[in-house]
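Colleague: Summarising the annotation, TrEMBL assigns transmembrane segment to 12-32, 52-72, 84-103, 109-133.
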Amino acid sequence: MKIGMTERIASVRTAGLVTGDVVAFLVFAALGRGSHGLANGPEALIEVARTAAPFLAGWLVVAPLVGAYSRASTSDVGGMLRTTLLGWSGGIIIGSLVRAAMIGRFSPLSFYVVTFLAALILVGGWRTIFALIERR
């Protein structure tokens, strides 16, 4: 089956969004680890990835379900921000459950509030830039 140009562009666009999301969650994890005095540089990439993994997984489960990768929902800044907020609102729940299972306990509420806001700013910020560039 041949893939047309439109489908190819959509695939590249989606791959770009997913790649940017992965980078945003890795930056989030590195910043968080750094704020706690934990290694967060290139030498600690595996630990940074392990820290990001539950929240990235939560995002990647929910984001497609709310249209966070569809052109219709992400072709303008407002749509991008709506789907990012909606996706992350569900994603943090899944990510928090996965993280609790990984470490054997839940963290204090303040951890989840900071996690929600910091990741939302990073993911939402990068996705806003994506929408602005794409709009040109």
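Counting starts with 1 at the first residue shown.
Including glycine, each Cβ sits where the backbone N, Cα and C put it.
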Colleague: Given a Cβ distance threshold of under 8 angstroms, which distant residues of the chain, six or more beyond its ends, lie next to the transmembrane segment (12-32)?
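Modeller: For the transmembrane segment (12-32), the far contacts come to 40-41, 48-49, 51-52, 55-56, 59-60, 63, 68-69, 71, 74, 115, 118-119, 122-123, 125-127, 130, 134.
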Colleague: Where else in the chain does the transmembrane segment (84-103) make close Cβ contacts, counting only residues six or more beyond its ends and a cut-off under 8 Å?
Modeller: 53-63, 65-66, 68, 112, 115-116, 119-120, 123-124, 127
